[in-house]
Structures are given as C-alpha cells and as structure tokens.
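Asks: Per TrEMBL, transmembrane segment is recorded for B:20-40, B:52-69, B:75-92, B:104-126, B:146-166, B:178-197, B:209-228, B:235-255, B:302-321, B:341-360, B:380-399, B:411-435 (among others). The domain 'NADH:quinone oxidoreductase/Mrp antiporter transmembrane' annotation in TrEMBL covers B:69-295.
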C-alpha cells in the first residue's frame with residue numbers, strides 16, 4: 001500500500017483517462033464493452049480515492065511531480081482541499097455515468113460522447129489535484145477543450161451557437177488566467193500551493209503587480225465560475241444533453257472556477273496578503289451582486305433548465321462570497337457549499353432531464369400534475385429545490401447556516417440580508433414549480449410521452465441517480481456532525497488552512 | 001435528554017427538560033389526538049386522503065419536534081417542517097379561496113422562516129458558535145435580534161399586525177386542520193419567543209411595555225374584527241388573533257416578573273392559558289366543521305356552549321382561572337401612556353364575549369340547512385376536548401387556586417358582568433351595526449390584492465434586461481461598427 005501512495009494522484013487521473021481513450025477507439029455498436037469500461041473506470045477511481053482519503057485523513061500528504069517548465073514542475077498533490085473536490089467529482093461521476101448511459105440509449109455518436117465525458121472528468125480531477133498554478137492552468141485549459149464537444153454534442157444550430165459562445169468565453173478566460181499565472185511566475189516562480197499563500201513577502205514591494213495578478217486570476221476563473229459580467233455562456237450552454245448540463249453545473253466547469261478561486265485566495269495569496277492588498281471587498285460585492293442578479297433573472301425563465309442555469313449562477317457565487325469573507329467559519333460554509341450545491345444541483349438537473357426524456361416536458365408550464373405521473377422524480381426535485389432555498393434538514397441549510405455565521409463573524413451583517421433575500425428569491429422561483437408539480441391537475445396531454453419502463457415511472461438508469469443524490473442531500477444535511485460528512489471534512493480543511501502560523 | 005450532537009450538529013439534543021416544555025408538549029399532543037380522531041370521520045370521503053394524512057403527519061412531527069428541541073437548529077427544523085407542511089393543509093380543498101389563502105400563507109411563512117433564520121444566525125454568532133438553549137440564556141440580546149425574532153415568530157403566532165394570513169387560511173383548511181393550526185401550530189410562535197428570548201435580559205426589558213401594548217391592541221383588534229365577519233371559522237380565526245394577543249401579554253408579564261415572582265409559576269400559567277385556548281378553540285373549530293354539514297343534537301350544542309363560555313371566562317370554567325391569573329400577573333405591568341391595565345382587560349373580556357356570542361349565533365344560523373346527525377366519531381373528538389376543558393381548572397393544583405380565587409364575590413361579578421352585558425348587547429344592539437361592520441370586513445380583501453401583486457412581481461413573464469450584443473467580424477471590415485454589432489437574442 002505505502003509503495004502505491006506517491007503514485008495515487010496520477011493513478012486517479014489515469015483511471016478515467018485511459019478508459020476514455022480506449023472508448024474513443026470503440027465502434028458505436030460495442031455497447032457492452034463501453035459500459036464495462038466506464039464502470040470499471042469509476043470503480044477503480046473510487047478505490048484509489050478511498051485509499052488517498054485514508055492517507056490524507058491520517059495527516060499524510062501525497063505528492064507526485066514531473067519536470068515540466070523551468071521553475072514549475074508538473075505537480076500533483078493530494079491534500080484535504082483537493083480531496084474534497086476529488087471525492088465530489090468521483091461520486092457524482094458515478095451517478096452521471098449511469099444516468100448518461102440510460103439517457104443516451106439508442107442515440108448516435110455515443111463513443112465520442114463517453115470518450116469526452118471521461119476526459120472531462122480526468123481534467124476535473126487533475127485540476128483538483130494540481131499542486132501549483134502552472135499545473136492548474138494546464139488542466140483548466142484541458143477542461144475547456146474536453147467540455148466543448150459535449151456542449152456541441154447534439155449538433156443542432158442552437159447547440160453550435162451555444163458552444164461557440166462557450167468557447168469564446170472560456171478561452172478568453174483561459175488567456176486572462178494565463179497572463180495572471182505568468183505574471184506571478186515572473187515575480188516568484190510557481191512554488192507549490194501552501195496554506196497561507198506564498199506571496200506575503202512580495203506585498204510590500206510589488207503591491208500594484210500583485211493586485212493586477214489577482215484581478216487577472218479572478219477574471220479568468222470568474223468566467224467558469226460565472227461571476228457577474230462573465231456569466232453569459234452558462235444559460236446558453238444548457239442546450240447540452242441533460243447529463244452534460246448536470247455535470248457542467250454541479251462539478252466540472254462551474255465548480256472548477258469556484259475551486260480555483262478558493263485555491264488562489266487561500267493557497268496562492270493567503271488571507272493575510274489579500275487583506276493587505278485590499279482586494280477582498282470588491283470580490284465580495286461582486287459575488288453578492290451575482291447572487292442576487294442570478295436569482296432575479298431565474299424568476300422570469302420559463303424553461304426548466306434555463307431557470308436552473310440562472311440558479312447556478314447565483315448559488316456558485318455563495319462559494320465565492322464565502323471565500324471573499326476571509327473568515328474561518330465563512331470558509332467552512334464556502335467549502336461545504338461547493339459540495340452541497342453540486343449534489344443538489346445535479347439532482348435538479350437529473351430530474352429536469354427525466355421530465356424531458358420521459359414526457360417531453362421542457363417548459364415549467366407543462367409540469368402541471370406531473371407529481372402523479374412521476375412521483376419519485378418529483379420527490380427528488382422537491383428535495384433539491386428545498387435544499388436550494390436552504391430549508392432544513394437538507395444540505396443547503398447547513399451551508400447557508402455556516403455562511404451566515406461567517407458573515408456575522410467578520411462583522412458583515414448585511415451579507416445575512418443578502419442570504420435572506422436570495423433565499424426569498426429562491427423560494428419564489430422554486431416553490432411555484434413544486435406547487436405545479438404536486439397541487440395542480442394535468443390540463444394538456446404530455447408533449448412526448450415515452451414508455452421507458454414497464455413497472456417504474458421511467459428507465460431505472462434515469463431514476464436511480466436522482467434518488468441517490470437526493471438521499472445524499474438529506475443525509476449530508478441531517479448527519480452533518482458525523483465524521484464522514486462534508487461538513488466535518490470542510491472543518492478539517494479550514495483547520496489546516498488557517499493554522500499555518 | 002437525548003444528546004444528538006455527535007450525529008446531527010453541535011449541541012443537537014431533544015428532551016422535555018423544563019416544566020413549560022412538558023406542559024406544552026402534553027396539551028399539543030392531546031389536541032392532535034382529538035384532531036386525528038375527528039379526521040378519521042371527516043376525511044373519510046376525501047379523495048386526497050393519503051395526501052391529507054401525510055401532511056398532517058409532517059405537521060405533527062414538526063410541531064412536537066420544535067417543542068422538544070433543546071437547541072436552536074432542532075427548533076428551526078421542526079418549525080420549518082411544520083410551517084411548510086401546513087401549506088398543503090391550507091391548499092387541501094383545492095378551491096379558489098384555498099389557493100389564494102395558500103399562496104398568502106406560503107409567502108408569509110417563507111418570509112417568517114428566513115427572518116427567523118437571520119435572527120438565529122445573529123444569535124449563534126453572539127453565542128460564539130454554541131447552539132444549545134442553555135448557553136443562549138446567558139448571552140445578551142440586541143435590538144436587531146429581538147425585532148427579527150418578533151417578526152419571524154410573530155408571523156407564525158399571528159398577533160396584530162402580523163395576523164394577515166390567519167383569517168384567510170383557517171376558514172379554507174379542513175376543520176381538524178384549522179383546529180390544530182389555531183390550537184397548536186400558531187402557538188409555536190409564542191413558544192419560540194419564550195425559547196429564544198432570555199427573560200432576564202436588560203435589552204428585552206426595554207421592549208416589554210411596548211410588547212404588552214401590542215398584545216392588548218391585538219386582543220382588541222381580533223375581537224372587533226371578528227364582529228365584522230359572518231363565516232363561523234373566520235370569526236374563530238379573528239378570535240385566535242385576539243387570544244394570541246393575550247398570550248403575548250402573559251408572556252410579557254412573565255418576563256417582567258422573572259426577577260420577583262418564581263419564573264416557573266408564571267410560565268406554568270402561560271402553559272395553562274395556551275392549553276385552555278388550544279382545547280376551547282380546537283373544540284370550536286371542530287364544531288364549526290360539523291355544523292357546516294350536519295344538524296346539531298343537544299349534546300353538540302352543549303359542547304359548543306361549554307367551549308364558548310369557557311372562552312368567555314365564565315366562573316367555574318378554565319377561562320375564568322386563566323383570566324384571573326392574567327389579571328393578577330399583569331397588575332404590575334407598566335404600559336406606556338396607560339396607568340392601569342385592569343379596566344382594559346375587562347373591556348377586552350367584553351369584546352371577546354361579544355365575538356363569541358356572534359360566533360354562536362352564526363353557527364346556529366348555519367344549522368338551518370343541515371339534516372343529518374353529527375357522526376359519533378366527530379362527537380367523541382369534540383367531547384374529549386370538552387372534558388379536558390372542564391377538568392383543566394380543577395385537576396391542576398396550580399389552576400385550582402385561581403379557580404377558587406375567581407369565585408370570591410368581587411371577582412365573580414367582574415367575570416360574569418362582561419358575559420351578560422355582551423349577551424344583552426349582542427341580542428338588542430348588534431342588528432344596528434351589523435351591516436356597517438360587515439362592510440368594513442369586506443375591506444380586508446386588500447390582503448389578496450397585495451399577495452397577487454407580489455406574485456406577479458416574482459413570477460414575471462418578461463424582465464427588463466440589458467441588451468447583449470455580438471460582433472459580426474466580417475461585417476466589421478466592410479460596413480463599420482454600427483452595422484457589425486448585432487443584438488444578441490438569448
């Protein structure tokens with residue numbers, strides 16, 4: 001076991017990369033082999049992740065490095081923070097893979113789809129495990145390239161337009177990020193991420209340059225995290241197939257941006273230098289504005305997935321806001337929301353996909369009385385929606401609670417007002433949907449009903465993932481104090497990140 | 001006490017550790033039992049029976065959980081479970097009125113919930129990350145937190161001016177649901193105020209005169225508004241607004257006296273008042289439900305009279321005991337602008353009695369259309385509450401004292417005069433003012449207009465958005481900037 005330990009980071013990446021590459025070479029008809037390869041990859045990855053989790057929990061650090069650039073090796077590093085994101089993406093990859101197999105049954109170009117799908121997950125995991133900024137940048141760009149074919153997958157004019165916009169935004173963001181990384185590299189090379197940051201010695205001498213670098217980095221990451229003026233691609237990209245939007249919104253792209261912001265703030269700059277550079281307040285304002293703006297725009301959306309997309313814009317900024325507050329409790333809230341939002345949003349997207357695939361429902365006004373036809377899916381949707389509003393005992397409550405405590409801790413009481421207002425807006429655009437689902441009668445026939453299963457309301461591969469994630473939402477919210485909950489893991493991270501001095 | 005802090009969240013625990021919690025738990029449980037019994041009969045022909053029982057069950061568990069909570073988050077969990085599940089009960093019949101009332105209820109419930117959330121966050125932050133009740137007792141309050149608690153919990157308790165949803169939601173819900181809504185669930189607001197606001201706090205003491213005044217205003221307002229309506233359940237709902245005012249007054253008095261009189265005694269009186277109101281109002285709501293469909297036998301009429309007279313505080317009844325207790329406790333209370341509270345309470349009793357006579361008269365009038373007898377199960381449920389109501393002042397040693405005190409000649413007269421005056425006044429004078437009052441009552445529809453206006457704001461079809469442009473690079477070279485910029489349609 002211990003001999004394996006240093007190689008774990010690369011093994012975790014390879015466990016999805018290799019099956020992905022093999023899948024590219026498969027014929028369309030080799031469905032069984034493809035499914036087996038996918039499932040094998042998921043299982044192996046989960047085992048490796050579990051091994052690493054044990055090691056990191058015991059206090060070991062796992063590092064793997066290759067020579068890459070002068071002054072910047074290709075470093076893969078497993079610490080508590082990276083593992084939070086790795087576990088999230090591995091578990092949700094499992095759910096999404098099953099979902100995607102069921103969703104795309106019988107549709108063309110599946111080898112291409114699953115190939116890029118695996119690549120996308122490898123890039124996400126790589127990004128999580130990156131040990132320095134250069135490695136992070138590499139995987140960040142790789143993620144852009146791996147997700148583009150997924151967004152464009154349907155090949156319709158609409159998805160082409162969306163993908164073009166997506167590529168424009170993300171490549172632009174990538175360039176900004178690259179400038180930021182290059183600037184920092186010029187100043188101090190690219191050492192490994194360290195709790196507390198490594199830029200403190202430079203604050204006095206290169207104040208303006210560091211501020212510029214921070215702006216560049218945040219702007220580059222903000223594109224993926226959908227911060228306010230850079231969010232335009234996200235509502236468009238929802239034309240992608242449901243499993244892709246699910247993964248995009250919950251883990252892969254949006255979260256990559258948010259995770260990057262966490263890394264930059266805590267492990268590159270560090271709380272102390274951020275405070276001295278006076279850059280946290282603008283970021284905090286921007287995130288608060290994004291939270292309210294996203295929720296406000298979601299109100300008017302009549303397309304289910306589009307409403308969910310605007311809701312993502314708002315919810316991901318909770319993470320950014322929590323980070324920008326720079327307090328330990330707010331950090332716990334931000335980290336735990338990274339996980340909670342992912343699981344809740346993926347549940348909602350799975351459900352939206354189920355409605356679309358089983359009954360052909362895309363518009364919220366068509367949902368009347370769907371609770372009777374698809375009770376389990378609707379239950380999962382309801383739990384996800386309540387989670388988004390932050391009603392206990394869902395996971396969303398726990399993250400909002402810690403974010404609120406964090407705001408009070410750093411004396412920014414007005415931010416609690418932002419959370420309350422956003423909660424009200426969330427209720428305003430989710431509860432009417434829940435009302436339609438359960439309390440209204442079906443008026444028109446379903447747009448495109450399909451009989452996907454004899455006994456269940458829909459195909460079991462479509463039904464089990466949302467139920468699984470719904471269960472996670474409830475368990476994470478209810479058993480928040482247990483050792484294996486995301487909350488205790490986030491507390492562990494914060495303990496390690498904030499106790500550097 | 002069950003300690004769940006290793007499992008759920010720091011400080012999580014359940015248990016009935018104080019006398020107030022024990023008493024509150026007991027009467028809530030009994031009321032729910034009666035309502036469940038009644039539902040067995042009243043919902044038998046209901047096509048949505050499963051949904052009814054599901055949400056009744058959720059409300060029930062939420063209600064008991066919040067009483068047994070030992071920490072803020074468990075309370076909040078129970079509170080939101082109960083609040084949200086009750087929406088389904090208000091909506092249950094699916095009529096247009098139910099939908100309107102359900103929307104209003106949900107809007108205010110979510111608002112109250114989030115206000116309570118922010119109050120809890122502020123409090124937890126002040127307590128340094130402790131969530132359990134014990135440690136919150138020692139932490140000082142500030143004005144913002146107190147107002148947030150009052151607004152958040154007040155929206156549930158429904159005292160004036162936060163009562164808006166109450167008279168709309170109660171009449172449309174099924175009768176047993178309104179019985180528990182009014183008897184048990186809205187009391188969660190008062191319970192929460194006791195739970196979260198430590199009695200001895202200096203800042204809270206500054207609020208007390210104004211809270212007492214608010215309680216009195218609410219008591220008056222509810223009773224007068226009840227006279228402006230004719231539907232029996234609406235009258236009862238407004239009477240609840242009035243009674244919640246008295247409960248607030250009693251809570252204020254117990255906070256005021258926390259340093260002098262033993263706190264537990266005043267708290268027990270609070271429980272007694274809440275229990276008295278729960279049983280009486282529960283029975284009246286159930287009876288109002290039966291009256292709409294069935295013809296009353298002598299037995300049903302007797303039960304209605306017992307419950308109503310008890311609410312009017314006739315000597316020997318539980319109402320007399322709790323009203324005497326209220327009078328004794330509030331004698332020390334200092335109100336702004338007002339010297340003595342005693343005659344105000346007498347006037348309030350007169351108004352309350354008027355409202356209840358009005359209710360009985362409307363109930364009798366409704367009877368003219370019905371033919372069938374009331375089912376036995378419904379009678380049993382009502383009888384259970386009536387018996388509890390009769391036993392309450394005599395079986396409980398604490399209340400016995402006040403019951404006997406109420407029988408001294410002076411107190412006896414003081415109690416019976418408003419009841420008789422109200423009866424005479426209602427019999428001979430009400431006809432003159434009935435029509436103008438009803439016209440005033442119709443004015444309360446502005447609430448729905450507000451709710452609808454709000455709904456249109458948060459469910460817009462179109463929104464103002466900034467125009468987004470995309471650049472046509474090919475056109476840029478040939479035709480210049482103006483033509484190259486295309487309006488982007490998202």
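Here the Cβ of each residue, glycine as well, is placed from N, Cα and C on the backbone.
Could you place these features in context, so I can see how deep they sit and what lies close by?
Replies: Within its own chain, the transmembrane segment (B:75-92) has Cβ neighbours under 8 Å at 48, 51-52, 54-56, 58-59, 61-67, 69, 98-99, 101-102, 105-106, 109, 112-113, 116-117, 120, 156, 169, 172-174, 177, 181, 185, 188, 192, 195-196, counting only residues six or more beyond its boundaries.
Tertiary proximity for the transmembrane segment (B:178-197) is limited to same-chain residues at least six positions away from its ends with a CB under 8 Å from its CB atoms, namely 20, 24, 28, 31-32, 34-35, 38, 56, 59-60, 63, 66-67, 69, 72, 75, 79, 82, 86, 89, 116, 119-120, 123, 133, 136, 141, 146, 149-150, 153-158, 166, 169-171, 204, 233, 236-237, 240, 244, 247-248, 251, 255, 267, 270, 274, 277-279, 281-283, 285-286, 289.
A Cβ distance under 8 Å defines the sequence-distant neighbours of the transmembrane segment (B:341-360), meaning residues of its chain 6+ beyond its ends; these are 212, 216, 219-220, 222-224, 226-227, 232, 235-236, 238-239, 242, 246, 284, 304-305, 308, 311-313, 323, 326-327, 330-331, 333, 335, 414-415, 417-419, 421-423, 425-426, 430.
With a threshold of 8 Å between CB atoms, the same-chain residues lying at least 6 positions outside the transmembrane segment (B:380-399) that come near it are 30-31, 33-35, 37-38, 41, 176, 265, 268-269, 272, 275-276, 279-280, 282-283, 286-287, 290, 299-300, 303, 306-307, 310, 316-318, 320-322, 325.
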Asks: With the transmembrane segment (B:302-321) as the reference, which stretch in B:20-40, B:104-126, B:146-166, B:235-255, B:411-435 has the largest tally of C-beta pairs below 8 Å?
Replies: B:411-435
Asks: In the same chain, which residue numbers or ranges, 6 or more beyond the ends of the transmembrane segment (B:104-126), come under 8 angstroms Cβ to Cβ?
Replies: 72-73, 76, 79-80, 83-84, 86-87, 90, 136, 139-140, 142, 144-145, 148-149, 151-156, 162, 164-165, 168-169, 192, 196, 447-448, 451, 454-455
